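The structure's right below; bear with me while I get my questions together.
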2 protein chains.
Amino acid sequence: MSITDAVKRVLVGRRLSSAQLGETLLPKRIALPIFASDALSSVAYAPDEILITLSLAGMAGFGFSLPIGLAVAAVLLVVVASYRQTVHAYPSGGGDYEVVTTNLGPTGGLVVASALLVDYVLTVAVSVSSGVQNAKAMLPFISGHEGEVAAVVIVLIMAVNLRGVRDSGGIFAVPTYLFMAGVAVMVIWGLVQIFVLGHPLTASTAGYTVVGTQQYEPLVGLGMVALLARTFSSGCAALTGVEAISNGVPNFRKPKSKNAATTLLLLGTIAVSMLLGILVLARLAGVKMIDVSAGSYFMSSTGQRITGEPTTVMGQLARAVFYPGFPLGFYFLITMTMVILFLAANTAFNGFPTLGSILSRDGWLPRQLHTRGDRLAYSNGILTLATGAVVLVLVFDASVTMLIQMYVVGVFISFTLSQIGMLRHWTRKLKTQTDPATRRQMKHSRVINSIGMVMTGVVLIIVVVSKFIHGAWLALLAMVVIFWLMRQIHRHYEQVRQEVGTIGPSDRALPSRVRAVVMVSALNKPTVKAIQFAKATQPSELEAVTVAVDPDETAEVVRAWQADDLSVPLKVIDSPFRQVTQPFLDYVRELISENPRDIVCVYIPEYVVGHWWEQLLHNQTALLISTRLHFMKGVMVTSVPYQLKSSRELADRYRQRTLAGRR
Amino acid sequence: MSITDAVKRVLVGRRLSSAQLGETLLPKRIALPIFASDALSSVAYAPDEILITLSLAGMAGFGFSLPIGLAVAAVLLVVVASYRQTVHAYPSGGGDYEVVTTNLGPTGGLVVASALLVDYVLTVAVSVSSGVQNAKAMLPFISGHEGEVAAVVIVLIMAVNLRGVRDSGGIFAVPTYLFMAGVAVMVIWGLVQIFVLGHPLTASTAGYTVVGTQQYEPLVGLGMVALLARTFSSGCAALTGVEAISNGVPNFRKPKSKNAATTLLLLGTIAVSMLLGILVLARLAGVKMIDVSAGSYFMSSTGQRITGEPTTVMGQLARAVFYPGFPLGFYFLITMTMVILFLAANTAFNGFPTLGSILSRDGWLPRQLHTRGDRLAYSNGILTLATGAVVLVLVFDASVTMLIQMYVVGVFISFTLSQIGMLRHWTRKLKTQTDPATRRQMKHSRVINSIGMVMTGVVLIIVVVSKFIHGAWLALLAMVVIFWLMRQIHRHYEQVRQEVGTIGPSDRALPSRVRAVVMVSALNKPTVKAIQFAKATQPSELEAVTVAVDPDETAEVVRAWQADDLSVPLKVIDSPFRQVTQPFLDYVRELISENPRDIVCVYIPEYVVGHWWEQLLHNQTALLISTRLHFMKGVMVTSVPYQLKSSRELADRYRQRTLAGRR
């Protein structure tokens with residue numbers, strides 16, 4: 001067992017087989033942190049974005065932070081209530097994609113899938129960027145390199161996932177609880193200082209005045225509506241990740257649905273408390289933010305313009321609360337904030353390939369992504385996700401404020417469609433349900449989902465309208481492109497399925513004879529092996545064929561052939577243009593046309609090597625010929641591998657990996 | 001026949017088969033332009049480089065242009081005399097690589113080959129750059145975009161060659177003769193104007209004074225020696241391409257060697273006349289050049305510094321001679337200069353893959369480059385060459401002055417080694433030769449080659465010493481890397497050859513039984529075809545195998561299998577980790593270990609598609625499995641292709657290409 005394997009086993013535990021999966025049903029206390037890191041981590045940036053957007057209206061704007069916070073909290077609770085209905089209706093784990101596909105048909109499902117795929121990329125970009133921004137409170141030297149640092153973090157998370165961390169529940173629980181505890185201690189201790197000890201908190205930006213932009217200062221009329229709408233949209237980032245539990249119902253202990261619904265309620269309550277707690281404390285401590293790119297700025301009490309950006313709300317609050325008495329509290333909370341944000345990014349690295357696998361099963365993505373366990377399939381998804389996120393953090397320099405303009409759209413598309421789907425679900429169920437109690441229950445659920453639908457639909461419209469020109473258009477464009485691509489892939493598979501589906505009598509016709517042709521370029525061990533293997537299949541006819549490219553070489557082969565006693569005739573094909581491929585293909589084509597009911601089996605000796613550069617030095621002509629032979633009907637191509645010494649090491653490595661996987 | 005084919009046929013004529021090659025022996029009047037474009041085109045930049053380097057010594061420097069020109073001419077004539085011996089000794093076409101390999105062994109040959117490969121890249125870069133620089137006399141707007149324009153020209157030449165211009169002799173003759181005639185007319189008409197009509201020529205730079213650099217002005221002592229050595233080295237660029245005829249002896253009409261030797265003498269005489277004619281006329285017309293990057297500059301008669309670069313010597317002379325009376329002459333000559341320079345680059349596009357093919361035959365380069373006619377093999381060489389040249393012109397901004405520092409080294413390495421080889425050749429021949437007349441002849445040749453060897457050896461030392469820090473080091477480094485690479489490739493092939501060479505009795509053991517396994521993922525036409533083909537080979541045992549990844553899909557396959565009557569048992573392999581690859585490989589490995597004397601033949605149904613993106617949607621798991629199966633002894637992998645409709649178009653295109661090639 002290698003060191004990596006050992007570390008992995010300690011961190012992750014044994015790999016779970018399908019059968020074993022049943023053993024690991026989760027109690028609520030473990031399920032909560034597993035499914036909550038994404039949703040809870042967003043309280044690390046949602047307050048920032050609310051204050052940053054409000055800063056455009058100058059000092060007057062910050063007065064709206066609590067009302068906006070309450071609006072976001074209201075939406076969050078409605079969404080939680082709606083998804084509690086979903087977990088009851090789909091105890092098998094009804095993700096939004098499943099719910100929508102089942103109730104609104106495949107096109108709706110595909111829209112949700114496109115939105116979710118884009119959102120996974122943004123989750124990684126936003127979470128890691130926010131983690132890096134928060135880290136600046138502790139490690140100020142990061143300033144100016146945010147994009148690069150975020151990219152490195154994403155690559156590290158990717159590397160961990162490529163190594164194959166399949167089930168990372170255990171390590172999630174601890175930091176999630178520590179983060180929750182840290183925020184709770186900070187908020188409570190801050191409030192105690194202010195209201196019990198009478199010791200007012202002062203954030204580092206408390207003494208500054210914020211000057212907004214001409215567009216929004218003073219804050220009146222349409223401008224006000226627009227700005228508050230944008231602020232609310234950014235704040236709704238706090239809702240991302242709420243739907244995660246609905247995917248995970250089967251992993252809960254019995255009664256699954258009930259436990260999942262309880263956990264969901266718990267999650268909602270905690271998220272709302274944290275969000276509002278942070279916003280209240282920020283207001284009390286005088287925390288202010290500015291939007292550097294949009295042009296709001298700080299002014300000192302003496303009327304001088306302050307350059308430079310403030311740290312995050314979490315950073316300012318933690319410093320105000322824990323300094324100077326307990327600096328360790330500050331470091332602890334910032335570290336936990338970073339960790340939970342990176343864990344949130346990590347969940348996307350699990351979710352993206354899983355969704356890819358489901359989409360692949362339904363024929364929307366290349367088939368080979370379906371087989372979950374295969375390293376290769378997951379690797380593709382992980383690489384795609386990481387590449388997208390790295391590009392985003394580099395282009396937008398890890399600015400959460402810019403990235404968040406694209407975020408949330410996808411989440412609310414999927415929320416809204418999911419609620420519409422649930423409505424259909426209950427309406428359909430009600431048609432066949434006769435038991436009055438159950439009917440009452442269903443009608444109740446339908447009302448809740450209707451409220452959810454209206455609420456999320458309205459938020460979706462607000463988000464799209466208020467953010468469209470600020471970046472949402474890019475996210476929507478990406479979704480449309482992905483949607484179109486998946487449609488094309490599906491159409492292709494559908495066409496192929498129809499083409500190959502109906503097996504007719506002509507397909508069952510047994511070929512009359514097998515004519516074997518062994519491709520020869522020299523008389524050596526691989527050739528002899530190919531000949532012997534071909535002989536073993538006892539074909540109706542067997543001949544060796546060589547193409548006369550170089551007269552000397554050909555003479556040498558013929559001489560060696562005659563000297564040996566392989567009892568197989570060697571045919572020399574003339575090659576007037578000094579090619580190999582074409583004359584050989586022509587020869588095979590003639591063989592087929594001589595007797596179309598025969599099949600021709602071409603045996604190609606192949607060198608198996610251990611390094612990619614050795615591969616470049618061998619088999620290239622064989623590869624070309626084999627590719628072209630595939631276009632001829634009635635031909636099979638058999639490669640007879642000859643393992644060179646250099647291949648042994650690689651074969652051993654493959655075998656070891658297999659054994660390691662089995663333990 | 002497509003339009004491209006038609007154009008090609010008009011331009012290039014039919015493709016020649018090995019047998020047909022005899023029909024196209026060249027008369028001297030066609031052979032000269034075919035082999036001369038490279039050598040003659042260098043008179044378009046050699047005079048420039050002589051004057052540019054001398055400009056570092058200010059006005060005093062230009063006095064040395066004619067002596068340097070005479071020295072270059074002397075070397076050129078000696079080299080021509082030496083190669084006249086080579087064409088007699090190697091009527092089969094003794095390129096430098098062949099001569100050196102035969103007489104000095106493979107390591108020497110490999111040194112020459114490395115030098116030539118690098119030089120081909122530089123030929124393209126230098127010729128195209130000079131063409132672009134000359135074009136500026138006519139198209140001044142190119143200024144500032146030389147690198148990009150040169151890159152585009154190289155890509156165009158590459159594209160033409162990729163389309164498959166294999167024999168471009170015919171189109172070479174006309175512009176080469178026109179270029180020669182143009183230069184002759186210009187020189188003669190210029191001299192007539194000066195000496196007969198008494199009408200002095202004034203180049204555009206005649207009125208300027210050139211200010212050199214501190215290092216070389218005044219021109220005395222070691223500095224003088226160093227500068228003259230560098231000037232001479234740059235002037236020796238005029239010699240590149242002289243050896244081309246020695247490669248082409250077999251293409252001459254009989255008596256081949258005599259005709260080739262005569263053509264070589266003709267080439268030498270013409271090149272020397274053109275070089276000296278241009279240098280004399282430049283001196284008379286007061287043409288001056290400056291080295292912008294090294295710091296020499298023009299000063300007007302009023303003592304003001306002139307900014308901007310002058311046009312090429314050819315451009316200045318053509319303008320002085322033909323303006324104002326006959327501007328068409330100017331345009332004609334500049335155009336022909338451009339064309340012949342681009343043709344010179346084009347010869348490298350023929351030479352590079354040809355040398356690659358020879359090196360491949362001798363096992364120094366990947367084997368698949370050997371088969372001359374195959375499009376793919378040549379394409380790789382053409383792409384490599386073009387990429388190298390494009391990088392060079394972009395990095396050095398198509399500056400001939402900078403590129404030429406790297407040039408010439410390779411040429412003289414190959415000249416010198418070739419002469420040493422010829423010396424050995426004659427010495428060896430003299431050992432067995434008894435006829436006094438022949439012996440005298442041979443001794444005579446040996447003296448000429450000795451002179452050639454000493455002369456080229458001295459020039460090589462001068463070139464390396466005077467240019468090393470200016471860029472020759474880069475060319476030498478490239479040669480060393482290529483040399484090392486080719487050695488590694490050769491070592492690999494040698495190892496493999498030994499590994500597979502000796503066929504022992506165990507290699508001849510006939511496997512006892514063939515167990516056939518058909519890989520199944522669904523019951524459809526491709527699967528049925530694979531089953532029927534496998535049945536046709538009458539294996540000892542035959543079974544279909546499917547891996548149970550998805551319970552629903554597996555149940556569906558089993559159900560369909562039972563409903564059908566394929567009379568082949570279907571085995572379902574359990575896959576606890578939801579993988580396909582590993583359980584299947586494990587199963588095959590077990591089959592082999594059960595009875596190692598059997599062979600297992602795995603039949604994989606494969607979809608044949610028409611587009612690369614369709615390829616991504618199919619066969620990926622099959623490809624992975626097939627690759628891994630190759631590492632197991634006793635396994636053959638048979639792919640049974642199933643041609644989807646979309647593949648037909650591509651198959652048709654392949655067939656048409658074949659038919660077009662045959663005409």
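A Cβ is built for glycine as well, from the same backbone N, Cα and C atoms used for every other residue.
Got these off TrEMBL a minute ago, pasting:
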| type | residues | note |
| --- | --- | --- |
| TRANSMEM | B:50-83 | transmembrane segment |
| TRANSMEM | B:104-129 | transmembrane segment |
| TRANSMEM | B:149-165 | transmembrane segment |
| TRANSMEM | B:177-199 | transmembrane segment |
| TRANSMEM | B:263-285 | transmembrane segment |
| TRANSMEM | B:330-355 | transmembrane segment |
| TRANSMEM | B:376-396 | transmembrane segment |
| TRANSMEM | B:402-426 | transmembrane segment |
| TRANSMEM | B:447-465 | transmembrane segment |
| TRANSMEM | B:471-487 | transmembrane segment |
Can at least 3 Cβ pairs under 8 A be found between the transmembrane segment (B:402-426) and the transmembrane segment (B:263-285), with each pair 6 or more apart in sequence?
no
Are there 3 or more C-beta pairs under 8 Å linking the transmembrane segment (B:376-396) with the transmembrane segment (B:263-285), counting only pairs at least 6 apart in sequence?
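No; fewer than 3 Cβ pairs under 8 Å.
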Out of B:330-355, B:447-465, B:471-487, which stretch touches the transmembrane segment (B:376-396) the most, going by CB pairs under 8 Å?
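Per the Cβ count, the answer is B:330-355.
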For the transmembrane segment (B:149-165), what are the same-chain contacts with Cβ under 8 Å, counting residues 6+ beyond its ends?
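Same-chain contacts beyond the flanks: 4, 8, 11-12, 124-125, 128-129, 131-132, 135, 142, 342, 345-346, 349-350, 375, 378-379, 382-383, 385-386, 389-390, 393-394, 398.
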Under an 8 Å Cβ to Cβ limit, what residues of the same chain, 6 or more beyond the ends of the transmembrane segment (B:447-465), are close to it?
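Here the qualifying positions are 75, 78-79, 81-82, 84-85, 229, 232-233, 236, 408-409, 412-413, 415-416, 419-420, 422-423, 426, 472, 476.
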Counting only pairs at least 6 apart in sequence, do the transmembrane segment (B:177-199) and the transmembrane segment (B:330-355) share 3+ Cβ pairs under 8 Å?
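Judged by the Cβ rule, the two regions touch, with the required three close pairs present.
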Under an 8 Å Cβ to Cβ limit, what residues of the same chain, 6 or more beyond the ends of the transmembrane segment (B:330-355), are close to it?
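Hits for the transmembrane segment (B:330-355): 37-38, 40-42, 44, 95, 97, 113, 116-117, 120-121, 123-124, 127-128, 130-131, 134-135, 137-138, 153-154, 157-158, 160-161, 166, 168, 172, 175-176, 178-179, 182-183, 186, 241, 244, 314-315, 318-319, 322-323, 369, 372, 377-378, 381-382, 384-386, 389.
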Determine which residues of the chain contact the transmembrane segment (B:50-83) at the Cβ level, with the cut-off under 8 Å and only residues 6 or more beyond its ends counted.
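Residues 209-213, 215-219, 224, 227-228, 230-232, 234-236, 238-239, 242-243, 245-246, 264-265, 267-268, 271-272, 275-276, 279-280, 282-283, 287-291, 294-296, 313, 401, 415, 419, 422, 448-449, 451-453, 455-456, 459 contact the transmembrane segment (B:50-83) from elsewhere in the chain.
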